[in-house]
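Okay, structure first, notes after.
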Amino acid sequence: MAKVQFTKRQETSQIFVHCSATKATMDVGVREIRQWHKEQGWLDVGYHFIIRRDGTVEAGRDQDAVGSHVKGYNSTSVGVCLVGGIDAKGNPEANFTPAQMQALRSLLVELKVQYTGAVLMAHHDVAPKACPSFDLKRWWEKNELVTSDHG
């Protein structure tokens, strides 16, 4: 089967952080999320990177391709998804592991170097959602992981 060819991004001005909206007990990765997205009619996983519970960073959609993760921003952004983000009742919860948060920080530092001037954003900054279930700015600046239900 031929690999799908996606349009390349012409610019990268945002780096969006998402969560998979899964419970802490679910350790899913790019394979499962790709399947979920395909079941919604998408051609591939919408995120460029997935960070598993153990901190493993998995490549999703080609990094230079237009993603499918934030309506209105896909053509100018990279999408990073942390596995987790909801509690047993389905409410937002910053239940990410220390390994995930360390991997996220390292990846974001790399991406900020690669895409000079790109702004770090949470999905809830531009959509009425809780995603990624924590205050990204506070975590980035103060290293404090606090649940947030913006949206």
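Here the Cβ of each residue, glycine as well, is placed from N, Cα and C on the backbone.
Taken from Swiss-Prot as is:
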type    : residues              : note
BINDING : His18, His123, Cys131 : Zn(2+) binding site
SITE    : Tyr47                 : site 'Essential for amidase activity and zinc hydrate coordination'
Neighbour tally for Tyr47 (site 'Essential for amidase activity and zinc hydrate coordination'), based on other Cβ positions within 10 Å of its Cβ: 26
Which listed residue (His123, Cys131) has most other Cβ within 10 Å, given these are binding-site residues: Cys131
In three-state DSSP terms, the structure that Cys131 (Zn(2+) binding site) belongs to: coil
Check: same-chain CB within 8 A of Zn(2+) site center, minus His18, His123, Cys131: Phe16, Val17, Cys19, His69, Val70, Cys81, Ala122, His124, Ala127, Lys129, Pro132
Assigned conformation of His18 (Zn(2+) binding site) - DSSP reduced to three states: strand
